[in-house]
Amino acid sequence: MAPYFLQNLIPRGERHENARPLLVALREVTWVQWGLYFSGWLSWTCDSIDFFSVSLSVTHLEAQFNRSTHDITTAITLTLLFRSVGGIIFGVISDRYGRKWPLIANLVFIAILELGCGFVQTYKQFLAVRSLFGIGMGGVWGMAASNAMENLPVEVRGIASGFLQEGYAVGYMIAAVINLFLVPEVGAGWRSLFWAASGISLFAAFVRLLLPESAMFLRANAIEASMGHDSSKKTKVFIQEIKLMLKKHWLLCIYGILFMTGFNFISHGSQDLYPTFLTVSKGLSNRDSNIAIIIGNCGAVAGGVFAGWSSQYIGRRLSIIVQVIIGIMRNSLAFIPLWILPTSFRGLAIGAFCIQFGVQGSLGVIPIQLAEMGPPAFRATFAGLVYQAGNMISAASAQIEATGGEHLRKTVVQDGKLVDVPDYATVQGILIGATAAYTIIITILGPENHSSRFEKHKTAFEEGAADDEDILAGKDEVTIEILSTDGSSTPEQKQPSISKAEIA
């Protein structure tokens with residue numbers, strides 16, 4: 001008999017026997033729920049714009065600070081290293097105090113730092129600001145994913161996961177568009193990209209300000225208030241429960257970090273140095289490079305939404321594995337050679353679309369897989385920890401490729417002359433192929449909790465939260481109305497099944 005982790009890859013009918021059709025579930029989503037989802041998506045999109053501002057500006061930053069590609073990519077490495085700090089800090093704050101105000105504070109923080117990036121004058125100042133920016137950036141994903149996913153019906157979460165994750169690709173596209181049309185036209189040059197990113201982050205904070213707190217936190221606060229628990233009591237319980245959670249789930253946390261390490265290596269290995277690869281190794285103009293990036297990220301969006309949708313029917317892990325195999329592991333036949341071998345704009349653009357369809361397609365399942373796999377009461381903490389710790393381990397992706405390119409070189413024809421350039425194509429192909437194989441193995445070995453009703457669990461500041469027990473199913477109902485932005489009640493958002501015994 002096959003091992004359990006292999007048997008569990010087979011789609012199980014009982015996961016869907018009580019599920020509503022997707023279109024029916026979509027029609028039942030309220031405007032407030034859509035608003036919360038959009039806010040999470042927009043926050044993650046801003047995160048991407050802010051991050052890829054450096055990747056798109058590498059050549060400009062080299063000239064500005066008179067530094068090598070390796071030195072400039074140190075800023076990318078530092079950002080990724082410090083993201084784990086932000087993931088833990090803001091994840092814990094979000095699970096304790098709610099999704100709304102911690103996310104707003106986080107977005108304002110990164111907006112200030114991104115604004116500061118546009119004013120730096122020295123290389124050391126740039127590294128310092130990008131390091132601090134990593135802390136702010138690290139906090140966004142866990143809160144954005146929790147804010148978006150926990151307010152949607154379970155039948156919608158697969159496709160919603162794919163589109164949410166591809167806010168990262170959309171953000172890259174927006175940054176490329178700004179870099180294509182704004183940067184060459186203004187005197188500030190590359191600095192204008194950072195300033196524009198700062199303004200978009202402030203807009204995302206304003207959008208979140210207009211929306212109410214997540215429904216599950218309003219429910220939990222109402223229960224705690226009825227029991228006479230003040231803020232100090234909730235904080236004491238929270239600290240106790242998070243200790244119990246770590247004691248109970250330490251092995252799962254380690255697995256989650258190893259799981260996300262593979263995905264982050266694939267993602268950053270195929271994206272962070274890609275603009276430099278196009279301009280330096282392939283000789284494309286900045287204009288054609290930006291257009292190729294936009295086309296590649298269109299493939300990312302398509303792949304992510306497709307994988308998220310399919311995961312609702314064939315399972316999270318199987319969808320990831322299929323997407324990686326189709327999109328990446330066939331590199332020996334098509335994708336990676338198509339990505340790295342062409343020298344024309346058309347060939348490189350097609351290759352970019354194909355590789356990102358696979359890379360970001362597999363990542364499209366990540367928001368819902370982590371939400372279902374992790375401790376229900378600590379979704380923001382768990383997701384932020386494992387996602388950003390994986391980022392920390394893969395932080396040197398761009399520097400690995402830059403160093404490899406310095407040692408592995410080739411000769412190309414540019415303007416009728418033979419020029420010696422770094423062979424980033426081969427280096428990136430090797431890195432992505434190796435990490436894709438690792439990712440498939442670690443995914444097969446891992447757990448899955450398809451269609452988990454995590455929104456029905458206790459919040460992290462309620463006693464018993466670390467026990468992971470569903471306290472709502474099958475109990476008497478007490479409903480709590482959620483207010484829309486104009487102050488009117490939205491009955492569709494009433495929360496089901498709170499035990500009266502819990503409030504008494």
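Glycine residues also receive a Cβ, built from the backbone N, Cα and C atoms like all the rest.
Annotations in TrEMBL come from automatic prediction, not curation.
What TrEMBL says about this one:
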type	residues	note
DOMAIN	36-451	domain 'Major facilitator superfamily (MFS) profile'
TRANSMEM	72-94	transmembrane segment
TRANSMEM	101-121	transmembrane segment
TRANSMEM	127-146	transmembrane segment
TRANSMEM	167-187	transmembrane segment
TRANSMEM	193-211	transmembrane segment
TRANSMEM	250-270	transmembrane segment
TRANSMEM	290-309	transmembrane segment
TRANSMEM	321-341	transmembrane segment
TRANSMEM	425-446	transmembrane segment
REGION	482-504	region 'Disordered'
COMPBIAS	485-498	compositional bias 'Polar residues'
Remote residues contacting the transmembrane segment (167-187) - C-beta distance under 8 A, at least 6 residues beyond either end:
41-53, 56-57, 144, 193, 196-197, 200, 271, 286-287, 290-291, 293-294, 297-298, 300-301, 304, 356, 360, 363
Verify whether three or more Cβ pairs under 8 angstroms connect the transmembrane segment (250-270) with the transmembrane segment (425-446), leaving out any pair fewer than 6 apart in sequence.
yes
Taking 3+ C-beta pairs under 8 angstroms (sequence gap of 6 or more) as contact, is the transmembrane segment (127-146) in contact with the transmembrane segment (101-121)?
yes
Across the whole of the domain 'Major facilitator superfamily (MFS) profile' (36-451), what does the mean pLDDT come to? Round it, please.
85
For the transmembrane segment (250-270), sequence-distant contacts whose Cβ falls under 8 Å of one of its Cβ atoms, 6 or more beyond its ends:
76, 80, 328, 355-356, 359-360, 362-363, 366, 370, 373-375, 382, 385-387, 389-391, 393-394, 397-398, 400-401, 428, 431-432, 435-436, 438-439, 442-443, 446-447
Under 8 Å between C-beta atoms and at least six residues away from its ends: which parts of the chain pack against the transmembrane segment (101-121)?
39, 43, 46-47, 50, 53, 86, 90, 93-94, 129-130, 132-133, 136-137, 139-140, 143-144, 147, 188, 191-195, 197-199, 201-202, 204-205, 208-209
